[in-house]
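Asks: For 12, the entry in TrEMBL reads active site, proton acceptor. The active site, proton donor annotation in TrEMBL covers 40. The active site annotation in TrEMBL covers 140. If you look up TrEMBL, you'll see 11-17, 39-41, 302, 328-330, 412-414 marked as GTP binding site. Taken from TrEMBL, the feature Mg(2+) binding site applies to 12, 39. The substrate binding site annotation in TrEMBL covers 296, 297, 298, 299, 300, 301, 302.
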């Protein structure tokens, strides 16, 4: 049976830590979408591991790991990440990772194009990681992309990459400084080793599900960055919600045990786009500094603000969470008053909006209705159970549960893997 872990906000909620805690109980950990634009940090046995493309399940020596068909794969980053994990002392990683032969490839070409697209947008740039993810999904959708399985047909692969490069050269001219023959020669090297990891993912997933093996699906990014349901166009280029899990992995929806939405105790986002509860003053700066809010993948500082339950309720309606994991509750330890957004008001009529709006113009101008809760003003990192928390911290969690209508099963109270209360 499968457990699915998905981000409920704009990413960076701390999904990797929950995945790490759940990993010892599973036999298979899988990524369904995204690429190496994701960034999960896991602290285990005093060592910090950064995951971008690889599933965090590699931490568990008993766990097999799959990069699914819906993922886009930058091959040099795949090998570099494996090496980095080995250098940090992880054992036997290369025999426990597989890539779907149907996954699309992110070329260096895509990364160069990503940068050019962002420059073209100027002040309206999306704020992408410039990892080539958007251009790779674009070529996938326009049917000019190249899949992992094609790497092993050298003649066809070389022809298709040259065609892809020629198309982009027509579009960007001399702005595109790219040597297709150089990338082809790199793949002549990668091809030799890549074959050790490539599989047909469909029979693997089917056999694991038929055997009722415990499976963990690690969502990347988060619902508000979803191509269909996020703050488009300030989104990533894949389906980051529940739908992307099924299309990216051939998962049987009748064999899902739980869907856990990961919610940071406040709100952050990276890149452009409206952010209703963003605080550009003292509160936002304090959250950023105490919460160490800068990206694993990019190093960029994250925009910060109070918890937005309009966002969480909207994402719950789409992802159908069976429980929630509230993370980084300890970052609020020093606040005497904590605000929580409970509604958006129409800027013209003052009426409460029914849900999170599609229109970015409306979203940028909504008035936010807040509830104020009393802070606990004491450290909570040592708390082992829900009732070890101060009553104000418990009231904060219970407020979230009541508003969203979903139980908070896990509460993060510090950076270490032991700092998680399970209810």
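Cβ coordinates come from backbone N, Cα and C, glycine included.
So where do these features actually land, and what's packed around them?
Replies: For residue 12 (active site, proton acceptor), other Cβ atoms within 10 Å of its Cβ number 27.
In the structure as shown, the Cβ atom of residue 40 (active site, proton donor) sits within 10 Å of 23 other Cβ atoms.
The C-beta environment of residue 140 (active site), restricted to residues of the same chain at least 6 apart in sequence and closer than 8 Å, consists of 72, 104.
Annotation for residue 299 (substrate binding site): no same-chain Cβ neighbours under 8 Å separated by at least 6 residues are found.
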Asks: Out of 41, 413, which has the highest number of nearby Cβ atoms, where nearby means within 10 Å of its Cβ, if these are the binding-site residues?
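Replies: Checking each of 41, 413, the winner is 413.
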Asks: For the binding-site residues listed here, 17, 300, 301, 302, which shows the highest count of neighbouring CB atoms within 10 A?
Replies: 17
Asks: Of 12, 14, 17, 301, 413, which recorded positions are close to residue 40 (active site, proton donor), meaning a Cα within 10 Å of its Cα?
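Replies: The recorded positions passing the 10 Å Cα test are 12, 14, 17.
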Asks: Using a 10 Å cut-off, grab the number of neighbouring Cβ atoms around the Cβ of residue 11 (GTP binding site), all chains included.
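Replies: Counting Cβ neighbours of residue 11 (GTP binding site) within 10 Å gives 29.
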Asks: Nearest by CA distance to residue 302 (substrate binding site): which of the recorded positions is it, out of 12, 41, 329?
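Replies: Of the recorded positions 12, 41, 329, 12 has its Cα closest to that of residue 302 (substrate binding site).
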Asks: How many Å separate the Cα atoms of residue 12 (active site, proton acceptor) and residue 39 (Mg(2+) binding site)?
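Replies: That separation, Cα to Cα, works out to 8 Å.
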Asks: I'm trying to understand the geometry here, so how far is the Cα atom of residue 11 (GTP binding site) from the Cα atom of residue 39 (Mg(2+) binding site), in Å to the nearest whole number?
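Replies: Computed Cα spacing between residue 11 (GTP binding site) and residue 39 (Mg(2+) binding site) is 9 Å.
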